[in-house]
Amino acid sequence: MNQGSLASFHEYITTDKCRTILALCGAGLSASSGLPTFRGSGGLWKNYSSMDLATPDAFNVDPGLVWQFYSYRRYKAIQAKPNKGHYALSELSKVAASKGKKFLTLTQNVDGLSKRAHHDPEQLLELHGSLFTLKCTSFDCTYTENNNFKHPLTPQLQGCEEEWVNPRKRQRRTENENGNEHENEDVDNDDKDTVVSTPGSPEFTPVKDISRSGLPTCPQCKTGLLRPGVVWFGESLPFKVLDQADQFIMSQKVDLILVIGTSQSVWPAAGYVNRVKLQGGKVAIFNTDEEDLQGCDGWKFLGDAAELLPQALMPLIGDITEVVENDKELL
């Protein structure tokens, strides 16, 4: 971390010029927790495109396939632990008022790790919903269940936890997706060549043919299928959440926006960044991708948000080492 930029950032956040802080978080925040991002070349699950599975049409055509994908994602998120980046934002949500600050986190992540790091719920908005919210798909039913961490949701979804038959191949692909150019010593020599696999490849655990009766069903109407409470491609972001975010931005000048693990050039990040800049606020970007730092006229911190955020926010939150070590979520 550039010490000059860090000192300048520390000076700003401790002054009266920085009274209102908005954090916008993306997949990069949870990368250190071991969760797949399903972005770019890594956006595949058993060689199915995650973008193709995350649509209402996909669910209507093959709800069994879509639920297997989301059962896998739910399991991975349950097994993951909040990292120091989550805890840094959580601590800021708790101490902001005592420091004379107003603070709000907008997260695009659906993994629930910010909640599990005990982020103040009044200062956390989930733009894309949550893997652990279930909603009925029946038009006439309004059933919604929050914070459902049961796994598997049905017996038929048991076994979706592992994507690869050979875990060492999974490990190698994960390393390649993370930009690690070095071969892992535990990888078979015959696996060093590029392998093009179909969804039905023996490299992957089989996709089951699950009927509707084997999928989560609404306990209220008894007939509708439940779906993950996430925003799929082609769906609108929840109006209530957007309205709460707008109220925060419009009710006072936002002095600082933290763009964490997401690109400032794509929506919704670009929209919020532009609105803060138009108000005269400043921007700080935390990202592992140097390209995502380009064009930023504010503070640019290249690296893992899990390591950067505790350092950057230390003047406000103090040393969080003990907080992290004592949290039962990590036990």
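Using the three backbone atoms N, Cα and C, a Cβ is placed for every residue, glycine included.
What TrEMBL records for this protein:
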type: ACT_SITE; residues: His128; note: active site, proton acceptor
type: BINDING; residues: Cys136, Cys141, Cys218, Cys221; note: Zn(2+) binding site
type: COMPBIAS; residues: 173-182; note: compositional bias 'Basic and acidic residues'
type: DOMAIN; residues: 1-320; note: domain 'Deacetylase sirtuin-type'
type: REGION; residues: 167-194; note: region 'Disordered'
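Projection of TrEMBL feature records onto the structure.
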| residue | record | Cβ contacts under 8 Å, 6 or more apart |
| --- | --- | --- |
| His128 | active site, proton acceptor | Thr107, Gln108, Asn109, Val110, Val230, Val231, Leu237 |
| Cys136 | Zn(2+) binding site | Thr142, Tyr143, Thr144, Cys218, Gln220, Cys221, Gly224, Leu225, Leu226, Arg227 |
| Cys141 | Zn(2+) binding site | Cys218, Gln220, Cys221, Gly224 |
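Under DSSP, Cys141 (Zn(2+) binding site) is assigned to coil, being neither helix nor strand in the three-state scheme. Here the binding-site residues are Cys218, Cys221, and the one whose Cβ sees the fewest other Cβ atoms within 10 Å is Cys221.
Each residue in Thr137, Ser138, Asp140, Thr142, Tyr143, Pro219, Gln220, Lys222, Thr223, Gly224, Leu226 lies on the same chain as Cys136, Cys141, Cys218, Cys221 and has a C-beta within 8 Å of the C-beta centroid of that Zn(2+) site, without being one of the site residues.
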